[in-house]
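As structure tokens, the structure follows; a few thoughts come after it.
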């Protein structure tokens, strides 16, 4: 994964609450033998679900209400068995001696909490009570040698459940039950105090418990994790992001619905069961629930496997949604006097909002050519410079695009929208360089001074891409019935890659991706004109060159090492950015020594990052990383919890000018609605 070279150090001291964790969701047969802390589920002999959350810091003192989950909870009909990896062997169960909960209730008084409402209370209570005396007799002797004692299972489960608060107070949104800050970042502290959104220690309420001949679930049937996974599922998180991930899972478990989507944790597991998947299903630090695949999910499928599939849910509806960064030779001092005027001029030049129509001349024939040629069409029309293509992923054109595979309805939707920003989290943002981590890499990108002004554009394929995805989902549901493909979630509708439906989608997706590059190129042209108008100069004199353009919603054929062999894979990246290392043949000559630039957009009022790809990313995630901060609040919850006037006033207090198509919806994209982008990037940096 990419890393901005920095002088920062990451302490391994037990008090470092921001130390990133690695969570892996894996089948029992793929359980890791080395020291990575894992969260795993999967099939095994008479085992329905396995949960093992281990800590990388074995010397952290135990607490009654622990914040960093360090529990081993693997259950089978043979009873409780320890799954601690060799490196973590010091985490014996005795280290988690029960100290009471934050409710100050004795152990004996909480047994009702463990009785599912849909099971026979008396029979379950008898089984629990029959094993309780041994726990009362010698609580300190709670070790691996007593692991078959089912009373310990009950006690362990209470510890798991007690890791989360029952009441969501303002103070608990920023501190765990030890009083430690969930995040050390000041803006995160302010953000989550304000929203009243629960980000304290999470309740693990989704573990399946099997004791002897009694099976029951905590949390209900909705909490089952898939037992048919083919590979492990892996999450890269720190303490704070881990809590958000479990929050999403807990909220779904309680309500039974999450905006029509499963929680991201379950989605990562469902993807791990898709035919043809290899290596792992990856949840990146900004992961959250989406359609089918989680947003922030990477998965790759072996094209030599005839069962390998392609899934539109693994790309998303906004095909080739991506980020483009342009530099300028302007400084903050030059821009501040004309900030409002520049903001308004940029707003006037680039159409925004739902249903907005573009100003770029386009007819049906020109659209066909744009779908096939991508940025080559923009270059021919004079909307981009010759070197713009050189600093664009795929050089701004996917060669397998076939406009004939794009429906007439999709073309009709895309025709008037070329050169438009759209709505939602899309933006054109004037930014200023605040910190440079690697002067050599920054210089290669043309970033050579602090307070240098740059422009970031984030958008995609508009209604065109949405319709391509919709059309493909309908066709693939029919293909699944024909080919007898079964998935754990109907939103994962897919087709075999070598089927007619699979090939048609890939060709239409490539055409929609080309449309997105033409769209960003058209807005680049309009933005250059806006800057030229304000500063009475030419875009060339302003040095408005593209630093890089990356996609974070796409599926591409790539070659990667898998189990010691080079394999051709179809890599799905949804809310995930390509991050190739130095000397990779698919990155521009200018960046061969630094690695591919990786653009991580923040939120309104927070920072963004430019990273570089690393070799480690190729091993961990097939050259993929996060794409942004990732949502923490749903759009509906943001509208309920935030007031748009407060959001605008906060931005104004920071000296940020904003123009939006619908001011009353600005709270959907407020900083409070997202995770802390610095937490996300720091986690990527830690795992390189």
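Note: Cβ is positioned from N, Cα and C throughout, glycine not excepted.
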Of the candidates 545, 552, 560, which one does TrEMBL list alongside 321, 458 as binding Mn(2+) 2?
552
Binding-site annotation, TrEMBL, Mn(2+) 1: partner of 318, 321 in 426, 440, 572, 583:
426
Cβ within 8 Å of the mean position of the Cβ atoms of 318, 321, 426: remaining residues of the chain near Mn(2+) 1:
322, 422, 424, 425, 458, 459, 460, 461, 462, 465, 516, 553
Give the sequence-ordered set of same-chain residues, not counting 321, 458, 552, with Cβ within 8 Å of the centre of the Cβ atoms defining the Mn(2+) 2 site.
318, 320, 322, 323, 426, 459, 460, 551, 553, 601, 627, 628
Work out how many Å separate residue 321 (Mn(2+) 1 binding site) and residue 429 (GMP binding site) at their Cα atoms, rounded off.
16
Among the binding-site residues 318, 426, 458, report those whose Cα falls within 10 Å of that of residue 553 (GMP binding site); none is a fine answer.
318
Which recorded positions (318, 458, 552, 627) fall within 10 Å of residue 429 (GMP binding site) by Cα distance?
458
Determine, to the nearest whole angstrom, how far the Cα atom of residue 604 (GMP binding site) is from the Cα atom of residue 627 (active site, GMP-histidine intermediate).
15
Checking your reading of the structure: which of the recorded positions 318, 552, 627 lie inside a 10 Å Cα sphere centred on residue 425 (GMP binding site)?
none
